[in-house]
Amino acid sequence: MKIASWNVNSLKARLPNVLAWLEAAQPDVVCLQEIKCQTADFPRLEIESAGYEAHVLGQKSYNGVALLSRQPIEDVLYGLPGDPADEQARYVEGTVAGVRIASLYLPNGNPVGTEKYPYKLAWMDRLYHHARGLLATEQPFVLAGDYNICPTDDDVYDPVGWREDALCRPESRAKFRSLLNLGLTEAYRLFHDEPHRYSFWDYQAGRWYRDEGLRIDHFLLSPRASDRAQGCEIDKEPRGREKASDHTPVVLDLA
DNA sequence: ATGGTAGCCTTGCTA
């Protein structure tokens, strides 16, 4: 089963690119982030015509996540539990062929020093508690998405310049490590130890052209899911296209 | 050189 994660930075603006990539890459499951549309405005006909069932948690202008699958999706959970007052659309989870799969868009957290940073850290605490609950079910699971975390300095083109950024701050990285310390595995690093492999390049200042990016899109696997992992690749092709998202898809291959 | 780009339907906010 090929599971993809892609922050598309507006599904409406990206629809031709997304449809072309689905046709070329043929993923079985797709976790989308930053669709930037309300659930009612999701391009359901086009996505279903491409062969996918879609479960969507939308939001006007900002955020918004979706879980697409060629096989049926069961027991869908909309929103990350733990804060009923949180109205930001950042989490959707469902079961495909016995595997629990989440599409998540973790808060960016910048600027540090505003309420955005504690919101990010609190969201990570909620994810930690939710992951603990999932582990207790003993069902294999995959938490896929834009984590807005560079796990180590090897995942940043300029670690010194980014040291104080919410994506690289020690508190953010510590909470990411706490997820790993639960027993979860970050899939890309199972298969690749080379530094400076990125999933995001800012639109500004020629970052893509100079390959100055960040690796912030990740798959966290439960022990039983990691036993089934057969590969994890960053597909850079979509980032080089016209009208590209600033993120490119990452694909996990699960037996 | 203290900028730059992209998407939102806002004329600024988020990334």
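Just so it is clear, glycine is given a Cβ too, placed from its N, Cα and C backbone atoms.
In TrEMBL, annotation is done automatically, which means it is predicted and not curated.
Within A:ASN7, A:ASN17, the residue that TrEMBL lists together with A:GLU34, A:ASP146, A:ASN148, A:ASP246, A:HIS247 for binding Mg(2+) is A:ASN7. Mean pLDDT across the domain 'Endonuclease/exonuclease/phosphatase' (A:4-247) comes to 97 in this model. Cβ neighbour count within 10 Å across all protein chains ranks A:ASP146 highest among the active-site residues A:ASP146, A:HIS247. Note on proximity: of the recorded positions A:ASP146, A:ASN148, A:HIS247, the one nearest A:ASP217 (site 'Important for catalytic activity') is A:ASP146, by Cα distance.
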